[in-house]
Every structure is written in C-alpha cells, then in structure tokens.
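This structure is in structure tokens; I'll ask about it shortly.
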C-alpha cells in the first residue's frame, strides 16, 4: 500500500513537471517610466490583450521613476539582469547605445516593419546612432514651454512670454511673496526638470554644452549670459529649490501665473472641463480657457524643447525573449493599442506616427476635445525639438553622463542657493562636465 | 591552539558548520568583495574586465574636498541626532514612568513615529515644511513673524540639515524611550525610599540612582544609534536630496557617476572609521 502511494506521488510530480515545461512561457521584461497607478492599469490591460493574442509570451512589467533610471540601470548591469525591452528618454537610450548595450538590429527591424516614413522625422533624429541606424524606436513625445494665464496677462497689459524680456517683465510684475504669490516656476533643483527648463533658455541664446567637435563649452560667453538671466529670473520663483511638482501645484492653485511644464499638464488642466468626477483639488475655475501655451522661445534664435520617449532592446538576452520583445513593441505602436496607450495622458503623450496623429479615433478624447485646436498646434512642436546632446546633425551620447549627475541643476543651485556669480558657476559646471565625460 | 579530532569534536564541527557558512556568505564575502572592488576601476559593462588600480581610489578620496565636507555633514548629523534621540527618549521615559490615567494609551501613541513607514512620514513632513502651503512657514512667518519671508526648509541646502536632524530625532526617539522605560521599571523602589529617608533631592536621586542604573542601556543606545545614523541613507535622502551625508555621497558616486570602485573605497574608509570608534567606545566608555 505504502509503495503504491509513493509511486503515485512520484508519477504525479513527474506529470506536473512535464506539463509545466510544455506550457512554459517565454518571459519578456518591460521597463517603463509610467509609474502612476492609472497609467500602470492601462499598460496592464494592454499586456493582457497582448498575452491573449500571443499566448507563448508573458510580459513582466517593471515601473521605474524617471530620476531613478540611471541608478536602476547600473544596478541591473552590475547584476547582469537587464530587461529585454525598455521605454525611456532619448538621452538614456543614447547612453546605453554608446555603451554597446543595445541591440540595434532589433530596433531597426521594428522601425522597418512599421515603416520609417510613418514616423515623424524629428523623432527618429533624436534616437539616431552616430554612425548609422537607430538606437531606439520612437514611441511618444512631449513638448515643453511656458504655460501662462492669458487672462491675467491681458489684465496687466503684458505681452505673451515668448522672449526673455517679456518673461522677466511679467515675472517681476506678478511676484508678490508677501501673499505667497510668485512670478514664475522654473527648475532650480538638482533634477532632470531643471535641466529641461534651462535648456530652452540656453538654446534660445545659442548656448550649447558641446561644440561641433565634441568639446565641452559650458563656460562660453553665451552660456554665462544665459545662466545670469536664469539666475535673475529665479528671484521671482517660490523660495528654495523648485521642481516640477511645485510648478504644477502652484499653477493649478493660482499662485503663479506662469510656469514651465511639458504637455502632460494638459491632462491636469483639462480634466476640470470634462465630466471628470474624481478628486479635483482646488483648481482655478475654467483654467483651460484662461491658459495659453508659449512653446517657442525666441532670443537670438527660436528654441523648442521636448522629449522623445523610445522603446529599445537590450543585448545579451535570449533569442526567443528578443522576439517576444519585438512583437510587443510592434503591438504597442499599432492601431488601437497605440491610441489606448497615448490616451492615458491625453495631450501629454503625443504620437510619433503621422498616421495615428490624424486618426479620428485618436482625436476622439474628452481632454483633447476640450483643448480643441490648441492640441494640434502643440503636437506640431514635436518635429523641431532642440537639445544639448544634438549639435548640427551630430549626436553626442556623452550627454547621458552629464544628465545622470544632474550637473546643470547643480550649477544653477550654486547661483540660486550659494549666491555664486554666473561666471563662477559656469566654470564649476565646465570642470564637472569635463570630468563626467572622461 | 590545537584542533580536536575525537568523535565529539567532529560532531561539534558539523553542528557549527551551518553558522560558519551563513556568516561567511552573508558577512565575510560582501566585506572582502567590497575591499576587492575598492582597488578596481569597475567597468559597467559586465562583459568587459575591471582594471586594478591599487590604492588610487583611496588617495583620490582622501584628497577630495567634497569627501571631507560630506564627512563633516555626517559627523554633525550623527552627533546631534544621537544626543537628541537619547535625551528626548530619556526625558519622555522619565515623564511617563509614573502613574496617571491613560498612561498605556499615551505610551502607545509615543511609538507611532517609529512604526510609521518612513516614506509616509517623509511625505507628511514635506507638506508640513512646504515653502508655500506648509504649516511651519505659516506659523513661523505669517503668525510669529520670526523670518522675513517663507523658507524652503526641506530643499534649501542652508536649512535642509536642520529639517533632516529634527525629522530623525522625532522618528527615532521612541526607540530610546522604549529601552529606557523598560530599564526604569526594573529599578527597585526601595533605592528611592532609602534616598528619601536620607533627605535626597529629586536631582540627587536622578543623579545617584537613576543615571547609574541606566548606564548600560544608555551606553548601548548611544553606540547603536551612532552606527545606525552614521550609515543612515533612507531617512536623509527621502526627505531632502540637499543633505550630502556620506551614505548619500557614496550612493551618488556609485550610481550617478557610475564609479563603483570609488564608492567601495569610501565604504571601506567608513568601515575602518566606525570600527575604530566602536572599539574605543566599548573599551573606554562602556568599560566592557
């Protein structure tokens, strides 16, 4: 009797082992910077849909905060455990590409399969590898600029904040710290947001981090001039270092009439005008109608700043996992899947495929309707983005080392918090950047 | 020393083997791996080999001004928080060591800061000290007019260290409180009665009975809190990125500058420093 029981258990164990090995799925790990709960839910729904269509694959979703990406990547590299597919900003992708971590063949296969003509040219440029081909598949993008209260500007007879003079004049006019009202919010902290807001001022003044031959020129007269202006403008910001959260909260609460932000704010501002029933907080009434967006800044030249998020594939994983990753990338970028993805932050995430941008199903969304024609104009900026890592058609992946240490933000804090002059701060930044790209 | 080889001894070796293996893999291996890393220029790409650089990292660090600034910040943070948590814990324990209605409820409430998850506590404090909406600014600036304008307590490098120290004391004093209270309750009441008969004042009773009785628990608290806070990362970094204590400095070296070798060398230096401190403290202060 005992023997029989033992045999039975043994056989059933064997059977279970056998059946799981037949049913075993290929696991594909996917990293995304979309960490908000409702966005994760959208992605999980898309994953369910993908897994139903492709029963051989299982997608393992990992969310990573934007500012933590450098950390997580290094830890993953050191442990030899990197994901198959990641969704990240262009600079991080370039840096990984320069380190030889990206499987360019897989990237190019996906781009060809979707059709490189359907991608906006500006978005492909941001992910191009310095020699040929691409380090990442463009996925979606945002544009940054100054969001401002058109109604208050009219009341005071101020001109739209499209050049330095108009911006600082308006900031000075509205700044009233005694009542906790401030002129503007721009980045003044050691973070990515500060580099992003500062970049637009620098590019408008033709100030760059890299010269065409790849030398650091952060202490150029144009850059010092920009730093000095930025420091003067920072006098009219709320006390202490500011980040994106301050910009968003204070603008929605009516404490600042201007702030720099990406198109992701459209969702926050626009929700109030839709039938949205969730928690609203205390948002200024009818903020959509009162808000205008200056996405182009003009000083010595025009500058538009934004970010292209791309999908890319990491080398060193198994072939079947890479195939699953490619399939998943194509799945995310096609038809209704893509539209559902973009609608998780309507207006914030803009399509990089022209066929989707014009798709009526894409435009059929509450928030996008509330913004009306403004939405179209905003997305148009995506094609003319300028950034520090790109000079005269050349790509400098070394920018990734500078951004991961937040050197631009630290340079600005030296002025705003320690009272350094622009010259001294620029020299400090120059030295740090030279060390960073060694 | 000679290794015994009789049967009992062999059994003994087998019995301690699991412990030896566990300690070697969990403690000795990481320590030696770290020391080995500190002498390498670590390549981020796992496929490419590291290069041996000897003591170069140690020389770089010890001649780097940023390291010494961080070291000073760490010392200030550790000394103030160790004194703060111990003194506050002692004071609260003395107050709550007498009978009054609702004593057990109050004792429970006191423990809340220590048991709250650090991230929720941090967000609460961030709002409390928010430069525009925060109650701290409202109270200190708008009502009491102690400062000319609102201050960004948490993010400004000039003020952040105070916010971090206060936060750490608030969060960790209940631990000291708990340990001291337990010890206080074990002091025999007859000692105090005898002192009263001799006409001792409250201060004299505290100085000659309570403190000597508490000596070991206080000594243990100070050394534990010193070790913990010298290596404190989460409570500092989560609250403010502007306070560059040594663990934060290591973190940034390793993960923002991708310099694992240097980061390992800094931890080796800290290890030696803390080990030296512990040995001195145990011998001279605790007299063990």
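Keep in mind that glycine also has a Cβ here, set from the backbone N, Cα and C atoms.
Curation plays no part in TrEMBL annotations; they are all automatic predictions.
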Of B:45-65, B:108-128, which span is tagged transmembrane segment by TrEMBL?
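Comparing B:45-65, B:108-128 with TrEMBL, transmembrane segment matches B:108-128.
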May I ask for the residues of the chain that lie six or more residues beyond the transmembrane segment (B:260-282) and have a Cβ under 8 Å from a Cβ within it?
31, 34-35, 37-42, 44, 50, 53, 57-58, 60-62, 67, 222-223, 226-227, 230-231, 246, 249-251, 253-254, 288
Determine which residues of the chain contact the transmembrane segment (B:159-182) at the Cβ level, with the cut-off under 8 Å and only residues 6 or more beyond its ends counted.
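Counting only partners 6 or more residues beyond its ends, the transmembrane segment (B:159-182) has Cβ contacts under 8 Å with 73, 76-77, 80-81, 84-86, 88-90, 92-93, 96-97, 107, 110-114, 116, 118, 121-122, 125, 129, 151-153, 214, 217-218, 220-221, 225, 229, 232, 235-236, 239-240, 242-243.
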